[in-house]
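Enquirer: Quick paste from TrEMBL:
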type     : residues : note
TRANSMEM : 16-34    : transmembrane segment
DOMAIN   : 67-191   : domain 'Glycosyltransferase RgtA/B/C/D-like'
TRANSMEM : 91-108   : transmembrane segment
TRANSMEM : 114-132  : transmembrane segment
TRANSMEM : 139-157  : transmembrane segment
TRANSMEM : 182-201  : transmembrane segment
TRANSMEM : 234-252  : transmembrane segment
TRANSMEM : 258-278  : transmembrane segment
TRANSMEM : 290-307  : transmembrane segment
TRANSMEM : 374-395  : transmembrane segment
TRANSMEM : 402-420  : transmembrane segment
TRANSMEM : 426-449  : transmembrane segment
TRANSMEM : 461-487  : transmembrane segment
C-alpha cells in the first residue's frame, strides 16, 4: 500500500462510517483505561488459570464449568506475547467489546444513518456492556459474536449474497466456542422469527389474507406433485425430505449427535434439490451450496476450539490432523467433553435456585435482581427500546421487521435468562442489552430528529426540551458507566459486581506478593487453615492442589501468574512445622486464625498484618507480609 492509499480511503469513507469508527476508538480507550486495576474475580481467576496452564503445558480440553474454550485459547496467545497479568487477561474481551459497535454497519440497509450511529454509541457506552467488556468472562463474547452472526445473516438475505453466510456461520461458531448459551440465541431467533411471521400473515403484502399468501407459496409444490405435469423427481425428493426430517427429529430426541448431523446434511441437500426442481432459476443451488459450505466452516471452527489438545497418551486435535485414522477417536473424545456440559447447563432449569424452595421463588429472586440491574445500568436502553419497538410495530405506513425482531429477542431475554441462570449476577443481561440497542436507537433518533425540526422551525421550547432530554440521556448512560467501571468496580454497592469479587483493598497485597516472589528464596506464600486449605490427600485440580478451590480463588491465578512458591498448612501443627522448616515471606489465613498465625510467627521477624476480603462481603482473611522480604523486593 502506498502512502496515499489510506488518506484516499478515508476520503471515500462516508460520514456514518467515520462516526462509527470514532465511537469504536472512544470505546477502546474507555475499555483499556485502568483495565488491569480491579482485582480478579473468582471466575476470572479460574478461567485465566486454565489459559495459562494451556500455554505452559500444551494441554487443554472443554471444561463446562468455565464455559467455552475460546477465551482460554485467546488468553494463552495474549499471555505468550504480553505475559500473564490482570491487564493482559482482560485485553481480548476488551478489544472485542470495543469493536462490537462496528456491527451497527451491518444493519445500515434497515436503519437510517443516525440510527446506525446511535446503535454504535449504545453498544460502546451502555454501562453493562462497558463493565463486562472489562471483565474476563464469556458473556460479552457470546453476545458480540452472535449479534455479528445475525447481522451477516440478515445482510446476506437483504443483499441476496449467499457468500455472506460464511462469515455469519464463522461468527456463530465463535459464539458457540465462547459460551454454551449460544444455543439460547438460536431459540430466541426462532421465536422472534415465528412472531414476525405471524404478524406478516396478519398483514400480508399483495394478498387478501395470510391464507392466500401461504397457498400462493405452496401451490407450485402441490402442482409439481399432483398436477398434470407432475414430476417424479419432485416426488422422490419430497419423500426423501420427509423421511430425513423424521430421522432428524428422532435422532435429536434420542441424543444421537452424529445421526442428527448426517440427517441434517441430507435434509439440506434434499430440500435444495426439491426447491430447485420447482423453481429452476438456480437460486436454490446457490443458497444451498453456500449454506452447505457454511455449515462445514461452522463445524471446522467449532472442532478447532472444542477438540482437546493432549500431548500425552490421549487423542488430541493435532494427532488426528497428522493421522486421519484417529479422527473418529477425536470426535468421540470431543463429544465426551461436550455432552456433560450440555446436560449440566440445560438440564437444571427445573431445580429451585437462589436459595428458594420452589422454582417460581428462585425465578422471582433472580428476576428482581435483574430488574434492579437494568434500572440502574440500562436506564436508557430498556425504556427507549420499548418506545422504539412500539413505534416500529404500530407507527408509520409499514412495520419495521428488524426493530420488532430485536425487540422480541431482547425483551424475551430479560424474562428468560433469570429462569435459565444458576447464579445471581448482572452479566446475564448482556444478552438482552445487545439486541435492545436497535429499537432503543430508533427511539433516540426520533427524539434527535424532533429536536432538529424544532431548531429549524425556531421553536425554542421544543429545542430546549429536546436538548434537555438528550443531556439527561447522556448523563444517565455515562455517569453510571464511569461509576461502575472506574470509581467502584469491586464495591458491594455496585450491582454489576458479583459476590465472588474480592474487595479492591487486596490489590496492593497481590502486587506485593508478585514483587516478592522473584527475589525471595524458599517459600514465598504459606496458606493456613481448613477455611482455605483442603484436608491432606483430598486435593486436586488447579495448582496448588492443597487449596480449597471454592473458597480460595482467585489465589490460584495470582500464584500461577507470578510463579509464587506456595505451601499449605491444614492444621496448627503443620503451620508450626512449615514455618520452622522454611520461613515464608507471606502467610494468608482466615481471620479466625489470626491468633494462631501470630503465635507461630513470634520471633520470626517483623511481619505487617493486613486484613482483606476474598468476597464482596465475608470470607475475611488476615495476611502477614515479611517487611524485610518486601523491602528487598522494592529495592531491586
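Each Cβ is built from the backbone N, Cα and C atoms, and glycine gets one as well.
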Enquirer: Contact between the transmembrane segment (91-108) and the transmembrane segment (139-157) is defined here as three or more C-beta pairs under 8 Å separated by at least 6 residues; is that satisfied?
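Expert: Between the transmembrane segment (91-108) and the transmembrane segment (139-157), which are separate recorded stretches, there is contact, as judged by 3 or more close Cβ pairs.
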Enquirer: Any chance the transmembrane segment (374-395) and the transmembrane segment (114-132) are in contact, meaning at least three CB pairs closer than 8 A with a sequence separation of 6+?
Expert: yes
Enquirer: Counting by DSSP, what is the helix, strand and coil composition of the domain 'Glycosyltransferase RgtA/B/C/D-like' (67-191)?
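Expert: Its residues fall into 103 helix, 0 strand, 22 coil.
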Enquirer: For the domain 'Glycosyltransferase RgtA/B/C/D-like' (67-191), report the average pLDDT of the model, please.
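Expert: PLDDT averaged over the stretch: 97.
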